[in-house]
């Protein structure tokens, strides 16, 4: 198993993810600069949090044109696993690999806190270590984490069992309390909470470990 972490100018959670995957789980992990186009040899790709290109225009709007993301589309089509965390989730929606959009938080402020979450679907390969309706708590840190979509898209997400996580106490105004979604095939997961910040036993917080430990099987 080999993991690639895509790094953009402005990414700042790439090393956190590497510590979680390689330091805590022992999975070989490499950084992939946004200009690369070669994803051969990787079993899963993570797009980490941060402020790609300074979040100018809107979150992920510039990053979605990076050369590596053209290769990512082919990677997904072939069944490759992709996880987008926070800014990574925003990029996946801009790229069209996930539906909907992430907009300014309802209170118009940056939120740095913990969020109680409910597991709504285990369809995604990333979620298979949970059971439906499990309760977990993960850190959140975002200014534009309010998930929005049309009524048609919402119905499709629900019909396809693609709502992966919901907030127990919605912190940002996301429609239907949505904190994370998956694509129809289940190999792409986008989520605003940060599982990589809840993987280290030394911190006494490992609720996110079950997501990343799917890389071990």
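Placement of Cβ uses the backbone N, Cα and C atoms for every residue, glycine included.
On the 0 to 100 pLDDT scale, the domain 'Glutamine amidotransferase type-1' (2-217) averages 96 in this prediction. According to Swiss-Prot, the domain 'Glutamine amidotransferase type-1' annotation covers 2-217, on the basis of sequence analysis.
Residues within less than 8 Å, Cβ to Cβ, of residue 86 (active site, nucleophile) and separated from it by at least 6 positions along the same chain comprise 13, 48, 49, 50, 141, 142, 145, 191, 192, 193, 194. Per Swiss-Prot, the feature active site, nucleophile maps to 86.
The annotation active site is assigned in Swiss-Prot to 194 (among others) on the grounds of sequence analysis. Secondary structure at residue 194 (active site), as computed by DSSP, is coil.
Counting every protein chain shown, the number of other Cβ atoms lying within 10 Å of the Cβ of residue 196 (active site) is 30. Residues or ranges marked as active site by Swiss-Prot on the basis of sequence analysis: 196 (among others).
According to its DSSP assignment, residue 86 (active site, nucleophile) is coil.
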